[in-house]
Amino acid sequence: MTLEKGSEAIRSNSLEPFSVQSLDAEENIFFNIRLPRVIFGILVGIALAVAGGVMQGVFKNPMADPFILGISTGSAVGAVLGMTFFASLGLVARPFMAFLGGVVTIFIVYNIARAGGKIAIDTLLLAGIAFGYFLYSLEWLLLIVFTNSPHEILSWLIGYLGTAQWQDVKYAVLPVLTGTFIIFLFARDLNAMLLGDETAHYLGIGVENVRKILLVLASLITAITVAFSGIIGFVGLIIPHTTRLLVGSDHRILLPASALFGAIFVIWTDTLARTVLVPSEIPVGVITPLFGAPLFIYLLVKKRRG
């Protein structure tokens with residue numbers, strides 16, 4: 001259904017998928033615009049939901065999320081640096097620099113919160129938000145100084161799937177699915193870490209090493225999606241939290257379920273974004289905070305009262 005919805009409605013049963021030698025207008029829209037957009041949206045949903053689930057498990061806090069902790073913004077800054085200074089390297093420069101930006105960001109925020117040897121969750125969240133705003137300003141400064149028309153990529157920065165092409169899918173599918181699969185292998189470790197660091201150590205888990213590996217993997221899959229779709233906030237907050245209410249806290253079930261629901265959520269919100277104001281489109285990054293920000297406020301108030 002999401003493939004049929006848009007500024008121009010297309011009936012999928014009227015298409016001839018194997019007549020690829022001479023696509024008509026509807027077939028071209030379906031196979032070269034809508035289909036890569038939906039597939040890339042699925043990858044974005046998987047990546048952001050799993051990354052959010054990992055961070056909530058690692059930090060034992062339901063408010064942890066790639067967007068709130070600044071990883072998404074750090075990845076966007078890296079992507080802008082890649083487009084600005086390393087464009088000669090081709091399309092690979094953007095995801096590579098986005099990954100570096102995301103990793104550097106999470107470890108700066110992590111070390112700020114870890115001052116004194118123990119992670120202070122409130123400090124972690126505040127550091128992520130503050131550093132995220134700093135990076136957001138830096139991002140715009142780079143665009144204004146080094147590009148001729150920064151407003152042309154505004155929709156990309158705030159999260160837009162409308163420019164997704166088969167080439168983007170090709171670059172994203174392997175690192176996202178591989179990173180997600182490796183994260184799934186650490187599900188038992190995450191379960192043990194929920195019991196506390198000392199208990200996890202007693203069970204033979206190198207907590208600090210596992211934590212760093214998972215943060216790098218979460219940064220990787222987040223950065224890949226940000227590099228091509230921009231910042232789509234709060235998916236990593238909404239989906240793992242609501243999924244946990246449905247299936248419980250066992251990461252062996254929680255992470256795969258979050259991946260499924262994340263994919264569904266992103267393609268659903270993107271369908272809403274491109275149909276609510278036909279023939280205009282709203283970037284999906286504008287829609288997701290409408291769901292995520294109230295949930296974040298609710299969790300914050302609940303934590304204060306608890």
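A Cβ is built for glycine as well, from the same backbone N, Cα and C atoms used for every other residue.
The following features are taken from TrEMBL:
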TRANSMEM  38-59  transmembrane segment
TRANSMEM  66-86  transmembrane segment
TRANSMEM  92-112  transmembrane segment
TRANSMEM  119-136  transmembrane segment
TRANSMEM  169-187  transmembrane segment
TRANSMEM  213-239  transmembrane segment
TRANSMEM  251-270  transmembrane segment
TRANSMEM  282-301  transmembrane segment
* Structure fact -> Residues outside the transmembrane segment (213-239) whose C-beta sits under 8 Å from one of its C-beta atoms, at least 6 past its ends, are 40, 43-55, 58, 62-68, 71-73, 75-76, 78-79, 82, 94-95, 97-99, 101-103, 105-107, 110, 155-161, 164, 168, 171-172, 175-176, 179-180, 182-183, 186, 190, 258, 261-262, 265-266, 283-285, 288-289, 291-293, 295-296
* Top partner of the transmembrane segment (169-187) among 38-59, 92-112, 119-136, 251-270, 282-301 - counted as Cβ pairs under 8 Å -> 38-59
* Structure fact -> When counting C-beta pairs under 8 angstroms to the transmembrane segment (92-112), the leading stretch of 38-59, 119-136, 251-270, 282-301 is 119-136
* Same-chain Cβ contacts of the transmembrane segment (119-136) under 8 Å, 6 or more residues past its ends? -> 59-61, 63-64, 67-70, 72-74, 76-77, 105, 108-110, 112-113
